[in-house]
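Below you'll find the structure, written out as structure tokens, and then a few comments.
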Amino acid sequence: MARGRIRSKLKLSLIYTFGCLRPSADEGQEPHPIQGPGFSRTVYCNQPHMHKKKPLRYRSNYVSTTRYNLITFFPKSLYEQFHRAANFYFLVAAILSVFPLSPFNKWSMIAPLVFVVGLSMLKEALEDWSRFMQDVKINARKAYVHKSDGEFRRRKWKKISVGDIVKVEKDGFFPADLLLLSSSYEDGICYVETMNLDGETNLKVKRSLEATLPLDDDESFKNFTGTIRCEDPNPSLYTFVGNLEYERQIFPLDPSQILLRDSKLRNTPYVYGVVVFTGHDTKVMQNSTKSPSKRSRIEKTMDYIIYTLLVLLILISCISSSGFAWETKFHMPKWWYLRPDEPENLTNPSNPVYAGVVHLITALLLYGYLIPISLYVSIEVVKVLQATFINKDLQMYDSESGVPAHARTSNLNEELGQVDTILSDKTGTLTCNQMDFLKCSIAGTSYGVRSSEVEVAAAQQMAVDLDDNGEVSSRTSTPRARTQEIEVESSHGAANNPRIPIKGFGFEDIRLMDGNWLREPHKNDILLFFRILAICHTAIPELNEETGKYTYEAESPDEASFLTAASEFGFVFFKRTQSSVYVHERLSSSGQTIEREYKVLNLLDFTSKRKRMSVVVRDEEGQILLLCKGADSIIFERLAKNGKTYLGPTTKHLNEYGEAGLRTLALSYRTLDEDEYSAWNAEFHKAKTSIGSDRDELLERISDMIEIDLILVGATAVEDKLQKGVPQCIDKLAQAGLKLWVLTGDKMETAINIGYSCSLLRQGMKQICITVMNSEGGSQDSKGAVKDNILNQLTKAVQMVKLEKDPHAAFALIIDGKTLTYALEDDMKYQFLALAVDCASVICCRVSPKQKALVTRLVKEGTGKTTLAIGDGANDVGMIQEADIGVGISGVEGMQAVMASDFSIAQFRFLERLLVVHGHWCYKRIAQMICYFFYKNIAFGLTLFYFEAFTGFSGQSVYNDYYLLLFNVVLTSLPVIALGVFEQDVSSEICLQFPALYQQGKKNLFFDWYRILGWMGNGVYSSLVIFFLNIGIIYEQAFRSSGQTADMDAVGTTMFTCIVWAVNVQIALTMSHFTWIQHVLIWGSIGLWYLFVALYGMMPPSLSGNIYRILAEILAPAPIYWVATFLVTVTTVLPYFAHISFQRFLNPLDHHIIQEIKYYKRDVEDRRMWTRERTKAREKTKIGFTARVDAKIRHLRSKLNKKQSNMSAQDTMSPRSV
């Protein structure tokens, strides 16, 4: 007990050799020179009032991820709305409609515009409100802050200021960037998990200055003051330069004392820290980018179509105004009924130019129906309904967490169907941060019969493929025979000995369990293997009093899984002191245990450079052992000649484990004699206590001296548990033709291992590792040499890929963050991108959040194709916002990624359905909907132009104003919404069975200019048929039996009836999927037209005008009206009907073939044919377990062919031998 606080008896800094190397200032380290630009920040510790006035007034700790605020919402949102070409046109038209020149009532232009823009702004406001509410939750979190007189009180994060002293307890998040002052451990050590920042699951060791160690409880901060002078806010997560002025001394600061916002305190009861950076000045927020306004490619293309129609509108308006000027000059004097003797300004033959210019404004308003104002609002409605279906999809609901999929914005629904490249985080996105001990190789024997997830998925796929190709002769032998050929062991032991699932332990093999290892031939090697697992680590045990079992606070999940495995094998690590570890060893099958103490003489901890960890211990017999575990490539090169007994079989087993997607480590040992150890330890202690910049290298060199002449014992295989369904999802996405890049903060070895687990890497795939060479100093010459080296590696790799002749060869590009810093520079980034695009998979490791965003931007801009970024942590926010589509995983580590995303899902596996099903549907729906919209508006709008030309460019509309208002709002709006919401070319099951259908969106088959112009041409054709066929039928003959001819309203109503029929029949032909909803909306719209004409005609003449009883007394009794409607409708849709008929017959698309198979139920009658079609429909890919299975099948076929050729050769030779 120390001042009322529980203090650990362990000085953890003494355990680490490389983790806590920083010497204190009194050991000779000089303070940093803090001056010049970039180093202007001054923090007065425990004096936050000093930062309330300029120039020391820094940003608050309030964080916002919204696009708008109360002040900027209206200007920014209005700019977004009128940035759309159609909305801007209708804004101008609404302004012009106020003047007398308008052919329509002004409210008929203003009301639709206000409705459309208002609805879109409301949608944006609601979406931003949800982001705001997420910000409120984050900012309302509370932390303990020193108030005064040694008293700490809870305060909201947003009210924390620079200079505040903050106390953070175990498993709590840091509310700002803090300088570590002290911790619950006597030497100021604490463990920090930075998974939210860089994706690393390994715990980082932080250590406070020795000068601040006495600040170990609340009371000690009563009179504490100090001054920090340091660098200005910047996005670099791994650097920090500053000095602490405390008690008239200056102490240098470095990153090992900085606790970053959104990282988590682990394995440490509490820490104290002073706030250095707050809010948007923190490093995690410096790595984030402003939430951008994203628009889909279809919407951008739609703007070009609007521009095209605007050009058409201006062209026909100019033709109309020129015609009007011509008529005014040459024909007006002959038209006595217009009183040419008293001409008005608009009809004055002496000034035709003025008349033409004024008429141009009228024409621009009259032909405005070419531009569909309701298109945007209809798309908004459709997208909201599509997003609702995404949110309600039970197939994307995670029952374990209770989290559904959520479309946080509906602007990008159709973009989901056009994704080319997926950029994914690893930890928490692909993996669930859980390691399971699955297999091991000891003394050349492989143990562990349980298959990994990758093996199971590959076995299932291979069984299907072999069966489809008739490779298996009988069904009775299929399950066992296939899995044996794939070399996947059957977990037969599991059925006989069911076990309660243990976290971190998935091993199944009766040969090692329950003391049975004592009957194995190499039991001494097995004993040593278990002891290495139980002793070689830095973990701390904690007893669970409820279960009576130990849990382990380890730096990495791997280490925890090794200790769990050792416990299950009977070697329970239960206690650590400053100098020893204690293990309960079960050395007999009776279950009795022996407590053994191992004195820890030295511990050489793991670093990414060393790739190994060693511990030197003295056992109870006095023997000195060096126990070492590490990467097989490192361990194997350090083996003694007599230590390679098991090298061959162990190497074979490691390859098999790697193929199964498992993470492997080699285990070895060495016996040391007393004199050798004493001599080495003296050198090691001398190096550890030395002062100088070369201390790190000196320690590593001396460590290398003892880690030689090792004897190989075996190897471990740990499964980095993928989230459920990840291998299947990646495989399906690969079959859909999508590329997958993994961007992770993990070290290269971890990233490569997970690449194998996800089947992004496989045996036989050629790995291209681009790494930076070691360079001393930071001079321009050394940087230039590094850049030249990287460029040379890139050039050679590109040539190697291009010169590859094998069509089945696959390349994987692996690059680290340090190299990426150079590769992303302007003079090199496109060479890097060219290489990456040619590779089957790309893995970027040790990347910062900023680099993730830069890589995403490079792929997006360099390829010009749609990118999707997916992640679950704050370190993924930058790339989520930078990508065309951002998807957040609703994980356990905060909601930052979800808050910044466009779509959120609970598990990575739901991405398959989000893209392959909803993306495919939404793309086709929106594409067909927009094409149809332009078709119907062209078909309708051009009839106005034809009639005006037919009537001497008079500016007269052939349709009643209410017809014009109803056309887009009522009579054709609901069927097109039904098309955008309910249309399905194939069902969701077919989308998943035939993932290659997704290529239709990637190739933009339904919204390229060929199809757009085709629909526009169809609209022009329809307008010609509707106008001229009606005129031809009605104009020169009696309309009724009594001899009356049709007036303008009768002609206009007849033409409008034909338009309503034609466009609704056209949309019925466009649809592939019908429910009662579509039928009601399509045929109901036509019925609604007749109902409106009948009811409107019944109104008094003062309201209905010339439409009074037009249906009941004029049109309905006239057969020519019904004949014209039928003939015009049939003639209008005939070309489209012929086109789709010939296309299905001569050049069918993929979904046409599937529709035909389903319609005739061929999939039920011939299942083998159906499965074969599914196999053929897969996009050829080089990643995913399907590619792994294909490679395995090719290998089996090659072996079979060789075997058959050898047998035939023997048969040929046998008569001769006789």
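Keep in mind that glycine also has a Cβ here, set from the backbone N, Cα and C atoms.
Whatever TrEMBL says is automated annotation, not expert-curated.
On a predicted model such as this, the values are computed, not experimentally measured, just so you know.
As recorded in TrEMBL, the features of this protein are as follows:
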TRANSMEM  85-101  transmembrane segment
TRANSMEM  107-126  transmembrane segment
TRANSMEM  304-326  transmembrane segment
TRANSMEM  353-377  transmembrane segment
ACT_SITE  ASP425  active site, 4-aspartylphosphate intermediate
BINDING   ASP425, THR427, ASP872, ASP876  Mg(2+) binding site
BINDING   ASP425, LYS426, THR427, GLU559, PHE606, LYS629, ARG663, THR744, GLY745, ASP746, ARG846, LYS852, ASN875, ASP876  ATP binding site
REGION    469-495  region 'Disordered'
COMPBIAS  471-481  compositional bias 'Polar residues'
DOMAIN    898-1148  domain 'P-type ATPase C-terminal'
TRANSMEM  933-950  transmembrane segment
TRANSMEM  962-982  transmembrane segment
TRANSMEM  1012-1035  transmembrane segment
TRANSMEM  1050-1069  transmembrane segment
TRANSMEM  1081-1099  transmembrane segment
TRANSMEM  1119-1138  transmembrane segment
Taking the Cβ of THR427 (Mg(2+) binding site) as the centre, count every other Cβ atom within 10 Å, in any protein chain shown.
27
Taking contact to mean three or more C-beta pairs under 8 angstroms, with sequence separation of 6 or more, is the transmembrane segment (353-377) in contact with the transmembrane segment (962-982)?
yes
I'm checking region-level scores; what's the whole-number mean pLDDT for the domain 'P-type ATPase C-terminal' (898-1148)?
89
Show which residues of the chain containing ARG846 (ATP binding site), separated from it by at least 6 in sequence, have their CB under 8 Å from its CB.
THR744, GLY745, ASP746, LYS747, MET748, ASP816, GLY817, LYS818
Distant-in-sequence Cβ neighbours of ASP876 (Mg(2+) binding site), under 8 Å, six or more positions away:
ASP425, THR429, PRO849, LYS852, ALA869, ILE870, GLY888, ALA897
Tell me the Cα distance separating THR427 (Mg(2+) binding site) from ASN875 (ATP binding site), rounded to the nearest angstrom.
11
ARG663 (ATP binding site) has how many other Cβ neighbours within 10 Å of its own Cβ?
23
Give residue numbers and ranges for long-range contacts of the transmembrane segment (1081-1099): same chain, 6 or more residues beyond its ends, CB-CB under 8 A.
962, 966, 970-972, 974-975, 977-978, 1053, 1056-1057, 1060-1061, 1064, 1067-1068, 1107-1112, 1115
Flag the pair the transmembrane segment (1012-1035) / the transmembrane segment (933-950) as in contact if three or more Cβ pairs fall under 8 Å (sequence separation 6 or more).
yes
Sequence-distant contacts of the transmembrane segment (1119-1138), meaning Cβ under 8 Å and at least 6 residues beyond its ends, amount to 939, 1018, 1021-1022, 1025-1026, 1029-1030, 1033-1034, 1037, 1039, 1054, 1057-1058, 1061-1062, 1065-1066, 1069
Give the distance between the Cα atoms of ASP872 (Mg(2+) binding site) and PHE606 (ATP binding site), rounded to the nearest whole Å.
27
Select the range from 304-326, 933-950, 962-982, 1050-1069 that forms the most Cβ-Cβ pairs under 8 Å with the transmembrane segment (107-126).
962-982
Which sequence positions outside the transmembrane segment (962-982), separated from its termini by at least 6 residues, show Cβ-Cβ distances below 8 Å to it?
104, 108, 112, 369, 372-374, 378-379, 381-382, 385-386, 389, 925-926, 928-929, 932-933, 936-937, 940, 1052-1053, 1056, 1059-1060, 1063-1064, 1067, 1070-1071, 1073, 1075, 1077-1078, 1081-1082, 1084-1085, 1088-1089, 1092, 1096
Are there residues at least 6 beyond the ends of the transmembrane segment (933-950) whose Cβ is under 8 Å from a Cβ of it, and what are they?
305, 309, 316, 319-320, 323, 363, 366-372, 375, 378, 956-959, 967-968, 972, 976, 1012, 1015-1016, 1018-1020, 1022-1024, 1026-1028, 1031, 1055, 1059, 1062-1063, 1066, 1132
